[in-house]
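S.K.: Pasting the feature list from TrEMBL:
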- 34-138: domain 'DM13' (DOMAIN)
- 158-304: domain 'DOMON' (DOMAIN)
- 496-617: domain 'DOMON' (DOMAIN)
- 625-822: domain 'Cytochrome b561' (DOMAIN)
- 1-23: signal peptide (SIGNAL)
- 663-683: transmembrane segment (TRANSMEM)
- 695-715: transmembrane segment (TRANSMEM)
- 727-746: transmembrane segment (TRANSMEM)
- 766-787: transmembrane segment (TRANSMEM)
- 799-820: transmembrane segment (TRANSMEM)
């Protein structure tokens, strides 16, 4: 046990040493870059660090700071320009993931990469083609360290840092002010009056105020504080307050007296950085304090908003810093200090201008040279919207966005999912183009208009770019507008407590529901009530994440809720002041009918009214539902939502209406129409035209009842849609029934006695009989499908019994037909035998012989005269 306890610390120490040892002990050191040291030049993501080339195969980075990216790598390139960097290559398998704080990294080059291939080593985000920072190894390598590099760093507050480098030989102090503040805020730092009390250190302070102008350019100015107020002048033109030194010197000194000399400034990732030079002892005027670089001196600092110049005050004026954004401390600039751990991480990292689109005013798209592009590197020319360089474009779902494209014929605007643009489909097969394309180009004299309407399926972040060149545009923020803008239709459900929104597409439906009072969850169901319905429950869990679950409910207790696996997309749920809003998109037909899952039956037919109910409660959870999760309020009755018409109405009990419709159709297709056909088939042997009258009266009576039943159902249902199987069968059989009267009106002339029926008459009789019999068959199918439709819609329990009764009825009718057909064939056979001996000239037409009877051909051949006949001659009695 003792040996193990001694061995484990030794092993840990050995591995630790091995981590920082030369990763490739056999690597050569032939490159001229070996042992060279450089500082990374910050571009974005607050990247800082020192680079040392270890050997031909590796390098070490120390004091490395960086904010996280998405797909960040060590990258090699031939130069710092846009084209060189974008054509670069990965030099190491060691990725850069997450945030780095004063880290030390040993990085090994890929086996096929040498230092001779790398002129610029950069930290590169491949997803956004972004340069976070780089070191120039040869060629135009800078002689001085980058302006963001200092010898010392002191954290004045959580969001404010002081950096400095002392240069005694030049009697100067290089100072860098760095703060995570807004772009319209100032940073102030300076030396207090040595004789002032700690409670009143600001008075008499000599400070530098730094910030950024409206055009994005940095500035720094020397101020002197005489009073806790904004700089003003009294009647004697004497200035007091927080004023620039030049104001105290009079009008002639405005803009000329400034002991702080600006060196550099940038604004990146929501962090302001300004570097300036401050003289130690060579002070001018009465408002500058000398700095003893070896002494402990009191310094003061502050952050706050700044007032830009106007016609009265032609200079930037700091405003009140507030209760917490100021302070003081004792500082000796000759002592080495570095208590700045990691990069400053601003809450709001987006400084670029924001353009909010609306549906009325077009956005003017132009192109111009890049000045402050937000995602370097970038081409020389970028896109401007409403004269702002590559702004963030904020659009609302459901609100049309109009572009007036005037960027030139070589710049075609398009909206894309790819962060780089430039016809990204050639390298990114998953790119989605939402609007624009090769035709979306124009000039100021002849602009091209492009209209794009983002919908609820549009991602939250996409991009506008040129189709021909990469990284000319920037980001599009897609936010939720009003639900009424995002969805085509909306209705208020029962009791006016929930609003239901929807938009239909070819194969899917997008649905949203918003409660009108505070609740812990909101549920909407498709059915006559919560029991026996498909339910969608939306709530926000304890971590603040919105959830939407689907259930099948077949009872009134918690055990009756059965979780389903519906294919929901674009799912969202949020709460605002206790008001729940849920959204989702689902297919109209789940397309899983072969699987034995209950949700496979949850089919939405846009042509049929959708029954919608709702419920609210105090709390919901993913698992272990109990009776405590039951709703506290619910709808009293379902609302029928007409998806195609965009309207709704309280559900009316249409079961009696549909029952009368079905009974009328049964009378027509189950009694009258079959009776008319049977009369025409089996009553012709009776004398007179009785069979014909019965046939006509029954058929016309059936047709009138059919049309009345159809109008009755359409009027009550307020629509006629050919969608369900029942409606398709019904429409077909009614069409066939309506053809018959027209066919009867157009029938050819009946042949004279003894004449052969003409061809047209035969065709007509065939067509009339076939259409009539087909109508009966399709009508019977319509009756059965109608019963099934009634059962599916109203859950009628005795539908199966009615279906069996209907089947038995038609079975009885079929038996009657078989019986009559048998006797009819026997009658025709006897009649043929009785007429086998006949006298010439005694031939009469017999309507009892059906033209379509299988015995017709034989009978006619026996009854009609032939070319060879035997004539019996009787002797004459004289």
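Glycine is treated like the rest: Cβ placed from N, Cα and C.
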S.K.: Within the same chain, where does the transmembrane segment (766-787) have neighbours whose Cβ lies under 8 angstroms from its own Cβ atoms, ignoring anything closer than 6 residues to its ends? I mean 6 or more beyond.
M.R.: 662, 665-666, 668-670, 673-674, 677, 724-726, 729-730, 732-733, 736-737, 739-740, 743-744, 747, 799, 802-803, 806-807, 810, 852
S.K.: So what's the mean pLDDT when you look at the domain 'Cytochrome b561' (625-822)?
M.R.: 80
S.K.: So how many of the residues in the domain 'DOMON' (496-617) end up helix, strand or coil by DSSP?
M.R.: 8 helix, 65 strand, 49 coil
S.K.: What is the number of residues in the domain 'DOMON' (158-304) that are helix, strand and coil, as DSSP sees it?
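M.R.: Grouping H, G, I as helix and E, B as strand yields 13 helix, 72 strand, 62 coil.
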